[in-house]
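Undergrad: What Swiss-Prot records for this protein is below:
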{"type": "TOPO_DOM", "residues": "5-13", "note": "topological domain 'Cytoplasmic'"}
{"type": "TOPO_DOM", "residues": "35-62", "note": "topological domain 'Extracellular'"}
{"type": "TOPO_DOM", "residues": "84-91", "note": "topological domain 'Cytoplasmic'"}
{"type": "TOPO_DOM", "residues": "113-116", "note": "topological domain 'Extracellular'"}
{"type": "TOPO_DOM", "residues": "138-148", "note": "topological domain 'Cytoplasmic'"}
{"type": "TOPO_DOM", "residues": "170-183", "note": "topological domain 'Extracellular'"}
{"type": "TOPO_DOM", "residues": "205-270", "note": "topological domain 'Cytoplasmic'"}
{"type": "TOPO_DOM", "residues": "290-305", "note": "topological domain 'Extracellular'"}
{"type": "TOPO_DOM", "residues": "327-332", "note": "topological domain 'Cytoplasmic'"}
{"type": "TOPO_DOM", "residues": "389-408", "note": "topological domain 'Cytoplasmic'"}
{"type": "TOPO_DOM", "residues": "430-436", "note": "topological domain 'Extracellular'"}
{"type": "TOPO_DOM", "residues": "458-531", "note": "topological domain 'Cytoplasmic'"}
{"type": "REGION", "residues": "491-531", "note": "region 'Disordered'"}
{"type": "COMPBIAS", "residues": "514-524", "note": "compositional bias 'Polar residues'"}
{"type": "MOD_RES", "residues": "523", "note": "phosphotyrosine"}
């Protein structure tokens, strides 16, 4: 019977939906090593040194081969919103997996033209970008509130897993004969797209989308299966009516346009999501993940493939900690502390690299290089448990269902835009100012901590509907961690006012309870129709 599938459902959802993150990570983790392989450079490099018999890529070509996947991803995450609204997240995920697979095939079969690989990277990026919006969104809409943060963190866990495995594959293939060096490294990514596409076929559409398109009975069935309860049970019916009421209320103003996500009721969260996702890239994480091979070479490391693999292993291992950190300490504090920690690590990394790495005779200082690797590992230790997963959690859970697809698309587009800018311009900047580049990232990390302190509210343990009420209230972000919004009591107040003839849109008293006080202060906010 259907209700017996509940426990397995969450596990299956975690694995197959999060595989979309693996696809993203595999591309990120492979490109740096692939573009450094001998056969790849012999075919696609635009520079040759006859004295050393070494081929190399110019900064422009290196930046294009590395960064164009992000251009495709930017486009993919924008078009994912209207497609998901039309076909649902489940079918959209399947479709964009197919797009990703086509892009990988074109890369593997590339003729001796670097332009074909660049174009294929754009096509692959369309799939990756769309899935970076759809996968966390599907998880947020389907997972129970008590584990929603953990569920969404699994997406980032699989991103880091993909990066690490790609580094391991590069380590094993870079000595193979001729084109096998890079074709195997790229081609194995087909497997991740196929696994994701097949796995999602066995998962249901999210109940929120089903209610949105009028398939209420199917939504109740999905709710009952995930909760391991009968469809007519009180818990399932209460959850269904809560979702139904929330969705009807939010869609009363008509279809959501792109302009409406910048309306006064939602623009605070729209800009917050854009800032958080932009700052996630500006932490400097992809400085190591895209160019870890080159960075390690510059630091005088003899085995850059091994060093890059070590960095990726630290990233993957520490992401498991993020699953605990976000559920135990919430969203705000880890992001604030993580930003400060990462800023310190980058400052030391850059100071050592720019002042102590090279002796006067031009040889590298191995001790200074070791310190830089330690600082890079400590940076990743903090990033993997804070900014890496928390940014996706905030974007996945902060928006009302009417605005969710478009707001998440705009926020994630900001992430991909900065991803491209960093990946493309890093070779130029690194060649110009060297390791002083890290001072820029140190400043951005500190800025990120300040932005979170001033603008992000604590949402740990709240339902998506309660989160909406929290952001509609007047609670200051730095005070939001002390309060647990009592959604059911607030609804009782609304119903009482409605019963007495109160018009919709009137001032509603939001009843909130402080977790550390006996009093029950009230906050007044204007709940207006979303137009």
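Glycine is treated like the rest: Cβ placed from N, Cα and C.
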Undergrad: What parts of the chain pack near the topological domain 'Extracellular' (35-62), using Cβ distances under 8 Å and only residues at least 6 beyond its ends?
TA: 112, 114, 117, 170, 173-174, 178-179, 181-182, 185, 293-294, 304, 427-428, 431
Undergrad: Sort out the residues at least 6 away from either end of the topological domain 'Extracellular' (113-116), same chain, that have Cβ-Cβ distances under 8 Å to it, and list them.
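TA: Beyond its ends, the topological domain 'Extracellular' (113-116) has Cβ neighbours at 43-44, 61, 65, 106.
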Undergrad: Summarise the topological domain 'Cytoplasmic' (327-332) by DSSP state, stating how many residues are helix, strand and coil.
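TA: For the topological domain 'Cytoplasmic' (327-332), the helix, strand and coil counts are 4 helix, 0 strand, 2 coil.
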Undergrad: If you average the pLDDT over the topological domain 'Extracellular' (170-183), what number do you get?
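TA: Overall, the topological domain 'Extracellular' (170-183) comes to a mean pLDDT of 86.
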Undergrad: How about long-range neighbours of the topological domain 'Cytoplasmic' (327-332): same chain, 6 or more residues beyond its ends, C-beta under 8 Å?
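TA: Here the qualifying positions are 147, 149-150, 390, 393-394, 452-453, 456-460, 477, 480-481.
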Undergrad: Hey, which bits of the same chain come close to the topological domain 'Cytoplasmic' (84-91), Cβ under 8 Å, at least six residues off its ends?
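TA: For the topological domain 'Cytoplasmic' (84-91), the nonlocal Cβ contacts are 133-134, 137-138, 141, 200, 203-206, 209, 213, 405.
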Undergrad: Which residues, given as numbers and ranges, are at least 6 beyond the ends of the topological domain 'Cytoplasmic' (389-408) yet have a Cβ under 8 Å from it?
TA: 80-82, 84-85, 133, 136-137, 139-141, 148-149, 152-153, 155-157, 208, 212, 246-247, 250-251, 253, 256, 258, 260-261, 266, 269-270, 272-273, 276-277, 279-280, 319, 322-323, 326, 331, 334-335, 338, 415, 456, 459, 464, 467-468, 471, 530
